[in-house]
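Novice: Take this structure first; my questions come after.
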Amino acid sequence: MTVNQYLTTLQHQIEQKYQGQTEFIQATAEFLPTIAPYLAEHPEIIEHDLLSLLIIPERLIQFRVPWQDDEGKWHANHGYRVQYNSTLGPYKGGIRFHPSVNESIMKFLAFEQIFKNALTSLPIGGGKGGSDFDPKGKSDAEIMRFCQSFMTELQKYIGPDTDVPAGDIGVGHREIGYLFGQYKRLNSFQAGVLTGKPVDFWGSLARKEATGYGLVYFVKHLLADQEEVLENKRVVVSGSGNVAIYAIEKAQALGALVLTCSDSSGYIYDEKGIDLETVKKIKEEQRGRISAYLEVHPEATYVANESVWSLSAPYEIALPCATQNEITQHLAQDMIKAGVKIVAEGANMPSDLEAIQAYQQNNVIYCPGKAANAGGVAVSALEMAQNSQRLAWSFSEVDQKLNEIMLNIYETCQQTACEYAEKNNLVAGANIAGFAKVAQGMLSQGLV
Ligand code: GLU
């Protein structure tokens, strides 16, 4: 069997076996073809059928999360934790609270996380968790009761050396605080059981900023390779959550003009550059809608019910920081028409397969999330290290390490791309470099 036959057969089996798990199938369809040149050089991987093993999570936990609203009415949500791969360390990955969460989304996120975590070169395996609970419109007390109920079940499966969750969409400092408190009540104070903790109780400085800053560091290193800088570049950002906010902050600090941000209801276009203080106030303090930006900046434009990626104003750099599959082929064509040169993903899998193809056919440099947004989980691993040492590093120490890690990820992806595919094929570079570490580890551990 040739390498391509092996990979096509495997993808076909995945599609048959996991019918309906569209996001998971999409993640494997993006991944498998790109690692072909590595498999051609490593016949032992096909001999041992390692990939059939790898695509099955080591453990997939599902549970019921009952909770009571402020009126005393009971509700139940689905809770998940996918412990996908522990070759390189304890399972590591965030928890997402969003109504779209299901087994397929949990598995695609955890699958991506395996290779992302490997790329950081830090000792962490891959996992992900979450619930279809919708935090939107819930009171603080409801959020607390939900988090307590979620952790009452989850605590059976996690620990500082086994599985270390963190935040993701819908889970920030507030939720991590409630989850941490409940873990502590049921067990004991274990600083390293969660990351993304508030700085007051063993959180790391610069963790909040890490995904967004890391994303911009990645782009900075890519640009430096082309003897270019971020200064005066026009940047379009989607989202207005934690990743988007700190990507905007760092891009602006490096002199870029950031034109947009968005939420699920629409987007803001501000040709003078997004006023980040206003966005922070709306999103971090008021938990409001991005349309409120106009109350402070009536001269900006708000476009309701449309994707920011349909924007026709010219720009060079796109930073999708909202959610999966926000960019379809049609929107990718709009981006290309607007002149985009680099797409760097702050979100996980924001570009669908056809969008990626469109970038590649039009010489747009595509930086996949598993490389470009790895700064968040990398600083989570640094938080674990600080917790073990019972020390807290300074902001600049963590930030400097983050920058070095992103440089290392960029160089690894680029070198691997040059070796196995072609320069700037960073998706092949990221997939092969991440996979190689995990696969070699699995082989030396006896394929477990
Ligand atoms: N949820 C983030 C991600 O997608 C961070 C995970 C973590 O810090 O463990 O990588």
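Glycine is treated like the rest: Cβ placed from N, Cα and C.
Unlike curated records, TrEMBL annotations are generated automatically.
So TrEMBL lists these for the protein:
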- LYS92, GLN113, LYS116, GLY167, SER380: substrate binding site (BINDING)
- LYS128: active site, proton donor (ACT_SITE)
- ASP168: site 'Important for catalysis' (SITE)
- THR211, ASN242: NAD(+) binding site (BINDING)
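Set these features in their place in the structure for me.
Specialist: Taking Cβ-Cβ distances under 8 Å and a sequence separation of 6 or more, the neighbours of GLN113 (substrate binding site) in its chain are TYR84, LYS92, GLY93, GLY126, GLY127, LYS128, LYS370, VAL377.
Packing around LYS128 (active site, proton donor) is summarised by its Cβ count: 31 other Cβ atoms lie within 10 angstroms of its Cβ, all protein chains included.
If you take the C-beta of ASP168 (site 'Important for catalysis') and look for same-chain residues 6 or more apart in sequence within under 8 angstroms, you find GLY93, GLY94, ILE95, ARG96, LEU109, LYS128, GLY130.
In sequence order, GLY167, GLY172, LYS208, THR211, GLY212 are the residues near ASN242 (NAD(+) binding site), counting only same-chain partners six or more apart with C-beta under 8 A.
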Novice: Counting every protein chain present, what is the number of Cβ atoms, excluding its own, within 10 Å of the Cβ of GLY167 (substrate binding site)?
Specialist: 26
Novice: Among LYS92, GLN113, LYS116, GLY167, SER380, recorded substrate binders, what is the largest CA to CA distance in Å?
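Specialist: The span, Cα to Cα at its widest, is 16 Å.
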Novice: Which three-state DSSP class does GLY167 (substrate binding site) fall into?
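Specialist: In the DSSP reduction, GLY167 (substrate binding site) maps to coil.
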